[in-house]
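K.L.:
Supplied in structure tokens, the structure appears directly below.
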Amino acid sequence: MFISSEEQILFHSEHASENVIEAFKSTSSNLNPDSVNGSLAAAEFPDSPPVSTIYTDVGVIPEHEKDEQEQLISNLEREVKQLRNEQCVFDKKRREALSKILDIKGSIRVFCRVRPFLLPEKRITSEPVSAASERIRVKLGGTRKDFEFDKVFPQEANQGSVFVEVEPVLRSAMDGHNVCVFAYGQTGTGKTFTMNGTNEHPGIIPRALEELFCQASLENSSSFTFSMSMLEVYMGSLRDLLAPRPCSKAYEPVTRCNLNIQTDPKGLVEVEGLSEVQISGSAKARWWYDKGRRARSTSWTNVNEASSRSHCLTRITIFRRGYALEGKSEISKLWMVDLGGSERLLKTGAVGLTLDEGRAINLSLSALADVMAALRRKRSHVPYRNSKLTQILKDSLGNGSKVLMLVHISPYEEDVCETMCSLNFAKRARATESNKEIPEELRRQKEKKIMELEEEMREAEKEHQKLRDQIQKAEFKLDEQKKVLSTTYKPKENDDSSPISPKNNVKEVTETPKASKKYVKSNISNSMPRFMTSTVASRQRQSASEREIVGRSRSLRSAITRGSLQFSGSQSLNCSDLRLKAVIQNSTGKSRLGETTETPKCNGLESKSTHPGSRTITSSEPNVAVTLRRHRRRMSDLI
Ligand SMILES: Nc1ncnc2c1ncn2[C@@H]1O[C@H](COP(=O)(O)OP(=O)(O)OP(=O)(O)O)[C@@H](O)[C@H]1O
């Protein structure tokens, strides 16, 4: 297959550079960049790298454009990595500050919430309970008694203000700590209202389910997955609230008692056979939570129509995997517990089963208070084994865990004895090591430190957020670049029905110049059927013609430089020669003198400009046009 230099003219030279090449570009930009730009540049300007090209669906593209693209991607990858590292530093700072705050505040914190008066028609003779920000005062007979708390929520406190105080421990759970949030109190004082709430006033659990997913979505240095389990501790037995419902509605002892508590050598506790459901979003989580709640056993008592006769435990297991953890995963548990009512059994008028239920509840509550007291006093022995409740929560009550106990009290005079019992329970749970109140000076120092740490945390959070935005932007750019590389740079598929047309290539490239740098490197000879690939002979001929062109270009260049080149009619110039002549005429200034530049014609061929920077040769003669097309096709096969 002979490839004449005319055929090579068909290709553009968009990326020609300097002097002569620039001159060529204005008129002979159809020259094959391999044969002119590449070789000439290499021959004449050894320093400039040869411009190799990529032939794709979108045109003829210099390879360096793809290299630039790849370079851009690796730069972006590096940038994202660096930003992530910085983000990890701030994430660590925030976590440490939060953990210190919670440690200073106490890993076991006790809040008190006073329920509002419920029956407006009921005459309120006196109000025995008065609330300050961290203290409850109770008037009983002629005496007054004060109880200190980490936080007190008065009657008018809404669900939102309670949740604000719970949020830091949720955050702590997402940071990898085990967390327990308890609602404790006399029956009817609002434990379920605080934990579950109503549709209009959602409580801690629905809000926490929302918040966890919200926090997880904002986090880009870690990925989170959540699972949920719900169980009920009823009279010392465990019941799986998310298990498929048994056929009978009756509370069968067999199903109640079949859950065992296992502790592994590392001290991790698991309830054997407890259902655990994956929750993919807050709506799904809410659906499972409502299902579990419906399964909770309630029974009528004198005090509360829908009194809970058991402890209801909701567990969210948080799986965290992330950049900061170097591929490792972290698991933490968030327990939210609505404890059974802590009533005095005589008052509830309980007999039979209800009496037994009340006794069981009180025993386990007492065991819980003992455990909390032992932990706060840092006792070597913590009596976890005294109840099922404390056995289940063993790994979430001590050892770096965070505990929040919300004690609920009634505002009524008639409930004052119950209120005193609840407040004494809280006092026991809050017991400090020395069992003495903290001196005022130490208290002030603690508050100052907490404020400093909170400021540190806010700063870290702000920086973390800034970096998150930067990462998002960089990742978006990176994705875009990768898409460009993988889709637009996709190698041209071997399609026999539409062979690569150099003309089309030129057209595409000229219509979409540098603006769309969507080129794909394609090794056409690899993707072509064997019969379409160039033979040794054709390659030799091509090199010969390339050499010829390079030689001519060289002599032309020197001629241009000397300004002495003259053409005579005897010189045998083919079409490419004519175009070179035009270049030279242009470059020697002949055509600039107002002469009409003659469009060079060659065997019926004429130059047609499709773009200021590129031209194709077309022919008005059908036979020549067919031959030319065939040649173009052959040319493209060879590249
Ligand atoms: N802060 C509050 N604001 C408005 N209503 C409240 C509040 N706390 C409790 N209630 C109302 O008081 C009633 C009893 O509350 P709830 O059922 O939550 O008590 P409980 O302590 O969970 O009782 P039990 O131990 O028997 O389950 C409910 O009607 C509830 O809506």
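Just so you know, the numbers here start at 1 and follow the chain as drawn.
Here the Cβ of each residue, glycine as well, is placed from N, Cα and C on the backbone.
Where the annotation comes from TrEMBL, it is an automatic prediction and has not been curated.
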K.L.:
So which range, 443-484, 569-610, gets flagged coiled coil in TrEMBL?
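P.N.:
In TrEMBL, residues 443-484 carry the label coiled coil.
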K.L.:
Excluding the flanking five residues on each side, which residues at least 6 beyond the ends of the coiled coil (443-484) place their CB within less than 8 Å of a CB in that stretch?
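P.N.:
Residues 69, 72-73, 76-77, 79-80, 83-84, 86-87, 90-91, 93-94, 97-98, 100-101, 104-105, 218, 220, 517-518.
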K.L.:
Counting across all protein chains shown, how many other Cβ atoms sit within 10 Å of the Cβ of LYS191 (ATP binding site)?
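P.N.:
Looking across every protein chain shown, the total is 28.
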K.L.:
Give the helix, strand or coil assignment DSSP yields for GLN186 (ATP binding site).
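P.N.:
Where GLN186 (ATP binding site) sits, the three-state DSSP reduction gives coil.
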K.L.:
What residue among the binding-site residues GLY185, GLY188, GLY190 has the most other CB atoms lying within 10 A of its CB?
P.N.:
GLY185
K.L.:
In sequence order, what residues of the same chain, 6+ apart, have a Cβ less than 8 Å from the Cβ of THR189 (ATP binding site)?
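P.N.:
Sequence-distant Cβ neighbours: ARG115, HIS408, ILE409, SER410, ASP415, SER422.
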K.L.:
Would you mind checking how many other C-beta atoms are within 10 angstroms of the C-beta on THR187 (ATP binding site)?
P.N.:
25
K.L.:
Helix, strand or coil: which one is THR192 (ATP binding site) in, per DSSP?
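P.N.:
Reduced to three states, the DSSP call for THR192 (ATP binding site) is helix.
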